[in-house]
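Chemist: Structure in structure tokens, see below.
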Amino acid sequence: MIISSSNDYREAAKRRLPPFLFHYIDGGAYAEYTLKRNVEDLSQIALRQRVLNDMSSLSLETKLFNETLSMPVALSPVGLTGMYARRGEVQAAVAADKKGIPFTMSTVSVCPIEEVTPAIKRPMWFQLYVLRDRGFMKNALERAKAAGCSTLVFTVDMPVPGARYRDAHSGMSGPNAAMRRYLQSMMHPQWAWDVGLLGRPHDLGNISKYLGKTTGLEDYISWLGSNFDPSISWKDLEWIREFWDGPMVIKGILDPEDAKDAVRFGADGIVVSNHGGRQLDGVMSSARAMPAIAEAVKGDLTILADSGIRNGLDVVRMLALGADSVMLGRAFIYALAAQGGQGVSNLLDLIDKEMRVAMTLTGAKTIADINESCLVEMNKLIQS
């Protein structure tokens, strides 16, 4: 098929992947209302077209946490990335490195930290959950620091797993899940050969290193399910600071009061995020949450955003709402599943081009120029 947009990568990924993997990344929590709103709310934001502004010196370059980025985009942490392409974390990290943006490794990656960092030149970011097993958390932080990871992305909107009904239907969970996954894999021979066979081991690299034994998909479901910690509080983040002295970003903020708490705690940044609609269905989209959060803490820390961002226009929209940078999750996984690391590179180049078109026709010569003035009737479209 011809691929010319991020939506095309989604369709290509759907063709290539066994259903349990496609629906795991494509789906959300409960009835998936928030998942839909994330995309719809962004798409409804009207950009304000301005012309004849001499845009010949346009630049997408920006700085985050003392790092220079070629554009204000980072790849989000996505669990099981290595199941979407052979050693997928390595391929995605290399693509991000070539583009000059950060790759964020998930706690529950297939490839361990130590496999990914030697493949790239720029430091990657590392994502961590609050888990009951504090020994694992300490071990993961020490290994991330030893591997040269520069920024910690601390996910706080997952004290309990979200209810993802689609997973039970697809075979990721539910009755006879292992058998259903096996049969689906056999019906997708290209994936089964390239990833299912040649992409082994399919264990949870970071967790296996700690436990000292091989882990698999069932361990992913059971170990995480029993280790998420609903007692999480700001005091837990104080404990993290004992083991991490680099930039810390709090991921999963949707309320201005929580954003203010992050400032008081001393966080270097936040990610305005509803976990891609995968946790609590019915909460507002990141786009709707952004203006109030930006008004409350803009300038006090770095504001990133994810959830619903699919293309370069969405990046510009989110920046205009108040974000300093964005993170891509599903979009890069679709590209990775469809064409491996080259697909991720192509997607990032596409987003780059889309941003340049949007900036040229809104009169924003630099990332700093992208603000509320680039939007039409923002209050009516976003805050109503």
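Positions of Cβ are set from backbone N, Cα and C atoms, glycine also.
Dumping what Swiss-Prot says about this protein:
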- 1-380: domain 'FMN hydroxy acid dehydrogenase' (DOMAIN)
- Tyr24, Tyr129, Arg164, Arg278: substrate binding site (BINDING)
- Ser106, Gln127, Thr155, Lys251, 306-330: FMN binding site (BINDING)
- His275: active site, proton acceptor (ACT_SITE)
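Buried or exposed, and what's around them? Tell me for each listed feature.
Modeler: The secondary structure of Tyr24 (substrate binding site), as reduced to three states from DSSP, is helical. For Tyr24 (substrate binding site), the same-chain residues 6+ apart in sequence whose C-beta sits under 8 angstroms from its C-beta are Leu80, Arg164, Asp167, Ser170, Met172.
Asp306 (FMN binding site) carries neither a helix nor a strand DSSP state and counts as coil.
According to DSSP, His275 (active site, proton acceptor) sits within a helical segment.
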Chemist: How many neighbouring Cβ atoms, not counting its own, are there within 10 Å of the Cβ of Arg278 (substrate binding site)?
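Modeler: Around Arg278 (substrate binding site), other Cβ atoms within 10 Å: 25.
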Chemist: Enter the number of other CB atoms within 10 angstroms of the CB of Arg330 (FMN binding site).
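Modeler: Arg330 (FMN binding site) is surrounded by 26 other Cβ atoms within 10 Å.
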Chemist: Considering every residue in the domain 'FMN hydroxy acid dehydrogenase' (1-380), what is the mean pLDDT value?
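Modeler: Summarising the domain 'FMN hydroxy acid dehydrogenase' (1-380) by its mean pLDDT gives 95.
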Chemist: Going by Cα-Cα distance, which of the recorded positions (Tyr129, His275, Arg278) sits nearest to Ser106 (FMN binding site)?
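Modeler: Smallest Cα separation from Ser106 (FMN binding site) among Tyr129, His275, Arg278: Tyr129.
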